[in-house]
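So TrEMBL has the following annotated:
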TRANSMEM  6-28  transmembrane segment
DOMAIN    7-177  domain 'CSC1/OSCA1-like N-terminal transmembrane'
TRANSMEM  102-124  transmembrane segment
TRANSMEM  156-174  transmembrane segment
DOMAIN    198-381  domain 'CSC1/OSCA1-like cytosolic'
DOMAIN    392-664  domain 'CSC1/OSCA1-like 7TM region'
TRANSMEM  394-418  transmembrane segment
TRANSMEM  438-465  transmembrane segment
TRANSMEM  486-505  transmembrane segment
TRANSMEM  593-623  transmembrane segment
REGION    762-791  region 'Disordered'
Amino acid sequence: MATLNDIGVAAAINILTALAFFLAFAMLRIQPVNDRVYFPKWYIKGLRSSPLVNGSAFASKFVNLDLRSYTRFLNWMPAALQMPEPELIDHAGLDSAVYLRIYLLGLKIFGPIALTALTVMIPVNWSNNTLEHSGLTYSDIDKLSISNIPIGSHKFWTHLVLAYGFTFWTCYVLKREYEIVAAMRLHFLASDQRRPDQFTVLVRNVPPDPDESVTELVQHFFLVNHPHHYLSHQVWSLTSTLKIIPSSITFSLLQLVYNANKLSELVNEKKKIQNWLDFYQNKYKRNPLKRPSLKTGFLGLWGNRVDAIDFYTSIVERLSRDICGEREKVSSNTKSIMPAAFVSFKTRWGAAVCVQTQQSRNPTTWLTEWAPEPRDVYWENLAIPFVFLTIRRLIAAIAFFFLTFFFMIPIAIVQSLANIESIEKALPFLKPIIEVKFIKSFIQGFLPGIALKIFLLFLPTILMMMSKFEGFISLSALERRFASRYYFFQFINVFLGSIITGTAFQQLNHFIHQSTSQIPKTIGVSIPMKATFFITYIMVDGWAGVAGEILRLKPLIIYHLKNSFLVKTEKDREEAMDPGTIGFNTGEPQIQLYFLLGLVYAVVTPILLPFIIVFFALAYVVYRHQIINVYHQEYESAAAFWPDVHVRVVAALIVSQLLLMGLLSTKEASQSTPLLITLPVLTICFHRFCKGRYEPAFVRYPLQEAMMKDTLERAKEANLNLKGFLQNAYIHPVFKSADESDSESESESEWERSPALVATKRTSKRFTPMPSKDGGSVLSLDQVNDECLKP
């Protein structure tokens, strides 16, 4: 068990490590050769140019020779805090700005709680000698916990009153923050520039029809069932042929979903070969007297030597023919068309009505949801049939259960490192080495935290594979599912697993020599004493880990390796920058673990709270700097993740209340149980209130807001060409090639010439009140409207 001296050694190691990381970052960031690593966001925005080009002297292109800049090496900290929040939203997006508010939320909650707990509960806990006569293994820090209060003491009323106070304060801060973020989201949607996802609905599980193809069925369905919000119909095929049926009121644009996974592989392969061709062509331009050549064998080490430009030109031509053939194959194969489509409307109001209403009497067909932002679409999963999603998610849930269960083994190993006494009893020959003071302090104060961090390194890759297997069609949905599973995993293994296995190792001798009825009491006393392990973990992960994030050591090394050996063109250099993203899927669950630890131990072991506050303050500054200068978000969800943040903090609050209830029951403080039962009930009622009051802003688009935005847009841009803005928005990236641009001008003229009629092949009357003949009948929109108005 870690003692006060062990915690001091761990704190010294982690503080020195963090300072070393900050100092290294301050030196590396001002070197011109590292400029693209530490300021990639400004390069992507086109607001920064490479100093390697502008420098005069050769040395100044790689090393900063301005000695005065080294005296200002910490100016990045105030610079990170200077950008106001509205400007930050314009610069990095609402997702990034709201993500930073999670750290502020932690400071707002735990600042007053820590001040109160340290000034009130530390003296109450310290003024007892219960642990000295308990026979349990403990340290000096444990005397500051609730475990040091004697059984049946009236001092537990202090903890009970503060539990109520901390709960009310946390709920108040959560409500205020939920209200602020909801208002920020609505304001962002109202003031944000026009985006395709505001007009577009994803329609899934289109039912099969014997008379019509998916194209004709979706086209016919929306013409009939949305007649007052329909102007034209645009169907994209893989050969870029447009079938357009305009009318006179409003407009909808349809883009079908194709299974283009094989075509995507061919296009990606062509891009790689084209990059090599560009490299050798640039090389030949620099030295026209010598044609570049290469060997065709493995890695160019053996084989026939051929002209490099001719070799890669032939491969590009072959791949181009394969791509055209695959496109033709997919376009002629009806099985490649998925029963789903992106349907875009002329107005936000029309899209909001469609997505928030049931489209068919059968609630399992014609399912509508807001389309993800085009950058947010995960195209590979669009090819998964809707009926398979439930099966996939069941398989993923079972796999996740076994992953969580079997991960208890490394957790037990980590906890064994935190209990030297148990190791010495099991392996007595190691006692002379372990008893060396510094080694013992290092093992107990630093090694458990870093070992747990190492065991968790491979977890994100596994969880992301599971999320992709479940079939989510947007990156944001993938990350939110990933985050929920990651948080649950950390709650079971890192939190509960560490407490249970740690208590077993810690009090093993006590367990063996006591009756079964006394084991719950031993666990109740030992839970607060596990705070020492979590303190070491917070320092490793929350102090040194956050400082290591700003150093970006891995991207720095990879960038220079790529720049030295793999970069062939300027495009390669841009891709080598790898700015990364904010990492909501891994970052937010990790933050939630700190909320859980803080709320659980605020009443039982408040000495842990200052370590958490240091984490929130340090992380806020570091990640604000990274968001401004480094991270480049792949998508913008307008803070759609905030309900998940809120519910996980509420869950942590309820867990803290239940654990306190169980802990006091082992302390024979039965008179407090009725009052403690009220706390979870009140917290759940608070959550239901927030869910009903604020969550709709994150899952629905108010029709009032949509109409207001549409009206303002029509007043400001009367001649807006919305069709041109939407027609290419949801085309699969592999179809957006240069050789397809020819058809755009043809589609423009065809759009203008086409009659206001739609051809149908239906013989049934399931979706239309009018009869239609196979291949011959046409139905005008006016006729449909007349039929819809008939009684």
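Every residue, even glycine, has its Cβ placed from backbone N, Cα and C.
Situate these features within the shown structure.
Packing against the transmembrane segment (102-124) from elsewhere in the chain are residues 144, 149, 155, 158-159, 162, 165-166, 169-170, 173-174, 177, 588, 591, 594-595, 598, 602-603, 606-607, 609-610, 612-613, 615-617, 619-620, 623, 645, 649: each is 6 or more residues past its ends and has a CB under 8 Å from a CB in it.
Across all of the domain 'CSC1/OSCA1-like cytosolic' (198-381), the predicted model scores a mean pLDDT of 76.
Residues 18, 77, 80-81, 99-100, 103-104, 106-107, 109-111, 113-114, 117-118, 121-122, 141-142, 144-147, 159, 162-163, 166, 170, 487, 490-491, 494-495, 527-529, 531, 534-535, 538-539, 542-543, 546-547, 549-550, 582, 587, 648-649, 652-653, 655-656, 659-660, 663 of the same chain, all 6+ positions outside the transmembrane segment (593-623), place their C-beta atoms under 8 angstroms from a C-beta of that stretch.
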